[in-house]
Amino acid sequence: MKKLVKVRGITLGEGRPKICVPLVGKNLAQLKEEAAYFQTLDADIAEWRADFYEDVDDVDQVCAALAEIRGLLKDTPLIFTFRSAAEGGEKEISTARYFSLNEAVVKTGLADVIDIELFNDEEQVKALVETAHGHEVSVIISNHDFEKTPAAEEIVSRLRKAQELGADLPKIAVMPETTADVLRLLEATCTMNEKYADRPIITMSMAGKGIISRLAGEVFGSAMTFGAAKKASAPGQIAAGELKEILHILHRNL
């Protein structure tokens, strides 16, 4: 029996994939506008992509902005993510700053979930997972390959590693060059979900070619999908409203 992940009334790992919409404002005014606009969307979860935020180097400013976002989102689940440039993010910070930023966010109690990148020092990842869980914050451990789609075995291996490190939600996003690459991601998702996962997983194939993977999570085993509000944070994201409509059609017929 797989465990479910429950965040503020949203349950990941049962029913249709839950829709997450990123907030990508560069400053507090833009973020507040996006958070207010989010309330008009038919989405389940918000993700603050703090790597877009111009004051991300100032932890106090980050925590203050987080408090503003939390207030506007009310009871919506909120993921805090600093995506490194190496994995498709807007900027790079040192490893030490990356971990201290995430730890500071965890200790505010304002984010429900943090996203930690898999390819970091294992002991530091484990320590941050432990700190997060101690503050009742769930953890995504993620990997993003914007260059290619690895072999199915490698995709499964990375997801299993994230699970072993304590992720509540192991995640991988890969870039397809061919249609066969998309099939490989779906095959790996199915294999992980049926053979190895004891918790919900999140997978996607990016760009236009991979769009089917954002829609078919309930069939193949991905518990969350990402939709766009006004500006996409990754290639291939479609509008949240359209996404929910398609997911409901699929859910009714499965």
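For all residues, glycine too, the Cβ spot is worked out from N, Cα and C.
So that you can see what the record holds, here are the features copied from Swiss-Prot:
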- E47, W48, R49, R83, R214, S233, Q237: 3-dehydroquinate binding site (BINDING)
- H144: active site, proton donor/acceptor (ACT_SITE)
- K171: active site, schiff-base intermediate with substrate (ACT_SITE)
Practice item. Identify, in sequence order, the residues in the chain of W48 (3-dehydroquinate binding site) that are 6 or more apart from it along the sequence and have a CB within less than 8 Å of its CB; answer 'none' if there are none. Key: P22, L23, L31, L66, I69, L78, I79, F80, T81, A111
Review point. Could you tell me the C-alpha distance between K171 (active site, schiff-base intermediate with substrate) and Q237 (3-dehydroquinate binding site) in angstrom, no decimals?
Key: 16
Check your understanding: If you measure R49 (3-dehydroquinate binding site) to H144 (active site, proton donor/acceptor) at Cα, how many Å is it?
Key -> 14
Practice item. Translate the DSSP assignment of E47 (3-dehydroquinate binding site) into the three-state scheme. Key: strand
Practice item. Determine, from DSSP, whether R214 (3-dehydroquinate binding site) sits in helix, strand or coil. Key: helix
Check your understanding: Given H144 (active site, proton donor/acceptor) and E47 (3-dehydroquinate binding site), what distance in Å do their CA atoms have, once rounded to a whole number?
Key -> 16
Check your understanding: Which residue, out of the recorded positions R83, K171, shows the minimum number of other Cβ atoms inside 10 Å of its Cβ in this structure?
Key -> R83
